[in-house]
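Some features that Swiss-Prot has for this protein:
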type	residues	note
BINDING	C67, C69, C82, C85	Zn(2+) 1 binding site
BINDING	D499, D501, D503	Mg(2+) binding site
BINDING	C867, C943, C950, C953	Zn(2+) 2 binding site
Amino acid sequence: MIFSQGSSPFKGDFSKIKFSIASPESVLAHSRGEVLKPETINYRTFKPERDGLMCEKIFGPTKDWECYCGKYKRVRYKGIICDRCGVEVTMKSVRRERMGHISLAVPVVHTWFFRSVPSKIGALLDLSTKELERIIYYEVYVVINPGDPGEKQGIKKLDRLTEEQYFQIITEYEDNQDLDDDDPAKFVAKMGGEAIHTLLKGLNLDESAVGLRKVLKESGSEQKRADALKRLKVVEAFRKSYEPQKKTRKKPGGLFPEDEMPEPYIFEGNKPEYMVMEVIPVIPPELRPLVPLEGGRFATSDLNDLYRRVIIRNNRLKKLIDIRAPEVILRNEKRMLQEAVDALFDNSRKANAVKTGESNRPLKSLSDALKGKQGRFRQNLLGKRVDYSGRSVIVVGPELKLHECGLPKSMAIELFQPFVIRRLVERGIAKSVKSAKKLIDKKDPIVWDVLEKVIDGRPVLLNRAPTLHRLGIQAFQPTLIEGKAIQIHPLVCTAFNADFDGDQMAVHVPLSQEAQLEASLLMLSSHNLILPQSGKPVTVPSQDMVLGMYYLTKSRIGENGQGNIFYSNEEVLIAHNEERLGLHALVFIKYDGHVEQKFDPVRLLDIISDDESEKKAWLKKEIEAKRLLVTTVGRVIFNQYVPEKIGFVNKVIDKKGAKELISKICSEVGNVQAAEFLDNIKQVGYHYAMKGGLSIGLADAIIPEAKIQLIKKATKESNKILREYNRGTLTENERYNQIVDVWQKVTNLVAEESYQKLRKDRVGFNPLFMMLDSGARGSREQVRQLTGMRGLIARPQKSMSGQPGEIIENPIISNLKEGLTVLEYFVSTHGARKGLSDTSLKTADAGYLTRRLHDVAQDVIVTIDDCGTTRGLHVERSIEEETGGQIKFSDKIRGRVASRDIWDTLKDEIVVPAGGIITEDIADAIQANIGVLEADIRSVLTCEAKQGICSKCYGTNLAVHKIVEIGEAVGVIAAQSIGEPGTQLTLRTFHQGGTAQGGIAETETKAVYEGQVEFENIRTVEQETINEDGMPEVRILVIQKNGRINIVDPDSGKVLKRHDVPHGASLHRSVGDLVKKEDVLFSSEPNSTQIIAELEGYVKFADIEKGVTYKEEVDPQTGYVQHVIINWRSKLRASETREPRIMIVSESGEILKTYPVPIKSNLFVEDNKKVSIGDILAKVPRNLDRVGGDITAGLPKVTELFEARIPSDPAIVSEIDGYVGFGSQRRSSKEIKVKNEFGEEKTYYVQVGKHVLANEGDEVTAGEPLTDGAISPQDILRIQGPNAVQQYLVNEIQKVYQINAGVEISDKHLEVIVRQMLQKVRVEEPGDTELLPGDLIDRTVFIEANTAIAEKVRVIDKGDAPARIQEDQLYKLKEITKLNRELRKNSKSLIVVEPAIQATSHPVLLGITSAALQTESVISAASFQETTKVLTDAAVAGKIDNLLGLKENVIVGKLIPAGTGLKAYRKLELNKVYPEAAEIAVPEVDEAAPASSDDDAAE
């Protein structure tokens, strides 16, 4: 921003900010005078020294309206400049904005521009950073003009010369000195900043650009082209920014009193020589203050020290030049000046940074003041401390309403003091402000009355740190309370993630009318009942409230007064109050409303004795006719509070039920009634938790008798596995996995037993069971450890990678009630402690992930209603849904807009038309209707809005279940929705105490649906074996790697379920079989992949040599010898190679089939032995993911996906459809070829030891992995395109969150982030555009560049065209057509043209960090990371920040362009005078949006 001389800062609003390198003229224009002395203040008078770093003459007075010498005091002398001391009489605040300057004795290079990577100066001059450094620090001379002497000596421009060489030339050609400096014959060589300045000044950028483009086109060397490209980027940046503008620009918005702009403010673009400074600015003294401490010492900003060093060295150098000191001394002083200026601008980048005297820490330079968490951007611009705020400890306020909070009187009086004072003065209670303050200090009783009036209807904001999502700040209506703690409503604790063990919260007072309005309309806690991340309610009763409701609605047979028939609910309540009816008694009530859920009447009729058969028959008839309702007294009490529209809720209410009910109430009757209902059930819950007297004792934890038997059985099984291992039929890996499986199963059985035991205890009224079953506290996992057995424990390791040995195979058999043995206790401490330490470490990681997500998505705002795209996502009903392995179909389409008609194939009708919104109800109906198998929905991923996204592609705003409004900051909401659970999940690990859960490997795969069996891509062999009973049987084994069994609906032919069949599986069904649910389809070996003989013959080993390619492992316990293939590379010479394989040969020795054997395989056959079809030749161990379901493994996975990192050992993926073949074997890799029918062939080299998934002759599709390992998202993008990679990322991230950790996040939030990762394209061929090859640019910028040349043509032959038309240049087609018409008229030769060539590009997948740094906004990127680099690049390119995102607007102090800060809303005016005003188009605003109401409030 520009402060003009003498006048106040301009008030004009600005809409963009341009970055450029400051020219010496602009530095001088901003300066008020030169700082000549290094002194700051006089040690005796403590007043600033004249011409020093704090000088009042330059920077303004230190006291308001008073000059330095005291001649002029008082405001009446405003603007006068004192004739004695030269200080202007003005306010002292100008010392925050007035700048000075230092004129340097020699030019000095700006460290940012030569130390940045790639060096900007180096790129322009084609010098390396090392060489530049030697020139700048006065080590070597650089030739600026070789002249005649240079030519004779063979010296070229830019050659570096040592001192001896330089002096040799100077002495040899003495007459050289007499020539003028600009004489081409003169030899000129210089060093230091001066040399660089001269060289940069002499550059011709246009010529450089042409030369470099030529190299790019013609050079054959990759290295030369890469270098040229690097240099061209910098040259082009300068060229683009340097477009000399006319000097007579009119003032923008009345910036200057004259009609013309004074010269220093005219931006002429960046000249390269500006990177070398002749004057340096001195920032205002109040921004580098000098503060007196007690004891007469001073605390000073480091910048003052750094400036002092510069001034001292500069003055010394000036003196030395004046006295004509010898060159050696001058050179040393110049170097020191260069170093001092370097330290001032960027001290942390230097190896020998300038340190302070006492504490020996590096001084904070100008760059350090901007960088990092403590820098200007993040500390002072993005987060500020605010007044009208306070903080205190929180306690529960059970009697508060949902929208209220209790505010301590002592806090309220401080926060609202100005308003109370005003009220006191207005009402005449106090005469003046001062007396009003006295009244307040005295705590006069009348003050409290006034305070009550003041806070009425004024909401306050409560915030609990860390504020992870928008529900971390909510508005409440304060009520005054005694004491010093803030009271908050128990139901909002979930949103704040607060508890009452000493948490603190901050209170903020919204001041302006608009702020109060927004707080009470948009932020009030009773309006924020729903989580934006999933659309599920967040204000859900917990703990005591749930327990109370559960207890209230539970039924018990044998209660007082059961089986009675009542006419109405009121009768029931009267009978209960008179103690004739027990709370849990089952009764019959006459009812004709809507019932939520019915009991099984048959079971209920059992409560009536058999001799009353008539009554029984009548009851049965009435219940079936739905005239009688069977319910309990407690449910009648509960239903008094349920809104009428919902009907009678007739079921036990647990936490899940409460959540569903609240969700239903919110959507059907609205927030107001929902808030009332919540307050009521809070009261009821607490009341009945108290009435029930529910607490637990040791006796409530019951240990099941069956535990001993189960453990005996498991011990037996594990011994059997050991015996098999000792015989050698199992590998070490299989033994381990099978034993872990056995104990895992037993632990689960014991857990189930103990759970059932608790359920039966006291007819289900065991308090421990009630707490567990209601969802109030505890989990089945904890009950298992209390009353069952602790089970298997994970062995803590740095990373959980699913390797064998991560679970200790000896389980803890005791439970916590019995107590652990010393050894068991010791084993379990490890896991428990690791959980606690993980928690603290991982929270930081989750916080950093959130920050990166915010930065990448902060500028995604809903900008338009409909982008008009026809594209969308295709969603199919997934099969794994039923088994819980995938997200439900309805969850994927809920709240979206259909891009095409959604059909019900069974009824052949449209369920949702194109453009229709899929609401909650429609989504649930579609989920229940199996006729709808797929849907096309609009998605953020395919939105074509130029800026931001459109509301149709986003769908509904999950927090209000209405279509999203224009102006909604969906990017920030997405970042919060993903980041918040990330932090939550990391905090959950320690509750399990490190016990292992999860993967029991299934050996049998069963049908989930009824239907007909179909095979897809399955090859089999038959193996004759003997079964357990000693009878012969035939097993059908699968020998294809990527086979599938599909279950098909026999009528419609639709595939209901697809099962992947592993290699070596044994099939139990054949094609066409009809199967029922739970029928076994196939069984497989979960812990290893088997290599199976497909033919009969003899085994022949190739390259399987003892000690080279395999080793013998002897088990120390059993003495059994295993043959394990090892990595042989280290055993052989460089030229040698091996490829271990098992061949099957016929009797005559002909090779029938070859099987490559991967590293770590166990051999199951011996050389030259006969084998039959189906025999196992070798087993390859498979790692099972077994570690518990905490997100410790999950968070790094999410980070890896968002950062689009290439996995450490990625799978090799086929790029084309075709058939697999194997090529030759090299030393460290073997060749895999994929060939298709068109003759196209791709070759891949696979590292030895990597497991190849494909067999010779297998058919593969593009994108299918050929080897094991994770697939790299970059490969998916390259082979299958952007849509596939977007879907892949969203699905993989969802897997971690929803399936592994059970956290619900809507797909849209992930899509918003993934969209941002694919916003850039890399230019391949620039064609005729201005773009450069390899440029990484925004997709929209690329499209615009192509659109700009779409109507243009290139002139090949200009014919008889006028002189202004040049060959090989671009012109508009219209212009050329017009000229050709004229040329034809005059019978002259025409202009020959060809169409302009468009640029080509490919999409790039960026990780969120690089995407945030590549954002179009300079300010946003600079405040994220790598501040100096971002600012350097922006300045060189003369970039403009259009202030479109949220972050940049916060930094420059404007309203954010989202929500009510949207431009369209800011200009809203309500004119009631003119009838025509109604016709003015204003954006549609929802009733709740306060923007339009602001003016009502103001009027």
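Heads up, the Cβ atoms here are built off N, Cα and C, so glycines get one too.
Because the structure is a prediction, the values reported are computed rather than measured.
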By CA-CA distance, flag whichever of D499, D503, C943, C950, C953 among the binding-site residues is nearest to C69 (Zn(2+) 1 binding site).
D503
For D503 (Mg(2+) binding site), the number of neighbouring Cβ atoms whose distance to its own Cβ is within 10 Å equals 16
Among C82, C85, C867, C950, C953, all listed as binding-site residues, which has the most CB atoms within 10 Å of its CB?
C953
Residue among binding-site residues C85, C867, C950 with Cα closest to the Cα of D501 (Mg(2+) binding site)
C950
For the C-alpha pair, I'd like the distance in angstrom between D499 (Mg(2+) binding site) and C950 (Zn(2+) 2 binding site), rounded off.
39
Of the binding-site residues listed (C69, C943), the greatest number of other CB atoms within 10 A surrounds the CB of C943
Given C85 (Zn(2+) 1 binding site) and D503 (Mg(2+) binding site), what distance in Å do their CA atoms have, once rounded to a whole number?
57
I'd like the number of other C-beta atoms within 10 A of the C-beta of C67 (Zn(2+) 1 binding site), please.
24
Here's one to test understanding: among the binding-site residues C867, C943, C950, whose C-alpha is closest in space to the C-alpha of D503 (Mg(2+) binding site)?
C950
Across D499, D501, listed as binding-site residues, the smallest other-CB tally within 10 A is for D501
I'm trying to understand the geometry here, so how far is the Cα atom of C867 (Zn(2+) 2 binding site) from the Cα atom of C67 (Zn(2+) 1 binding site), in Å to the nearest whole number?
62
Specify the nearest of the binding-site residues C943, C950, C953 to C67 (Zn(2+) 1 binding site), where nearness means the distance between Cα atoms.
C950
Inside 8 A of the center formed by the CB atoms of C67, C69, C82, C85, which other residues of the chain have their CB, for the recorded Zn(2+) 1 site?
E56, Y68, G70, K71, Y72, D83, R84, G86, V87
Looking only at C-alpha atoms, tell me how far C943 (Zn(2+) 2 binding site) is from C82 (Zn(2+) 1 binding site), rounded to the nearest Å.
65
Where C953 (Zn(2+) 2 binding site) sits in the secondary structure, as DSSP reduces it to three classes:
helix
According to DSSP, does C67 (Zn(2+) 1 binding site) sit in a helix, a strand, or coil?
coil
Cβ within 8 angstroms of the Cβ centroid of D499, D501, D503: which residues besides those meet this for the Mg(2+) site?
I394, A498, F500, G502
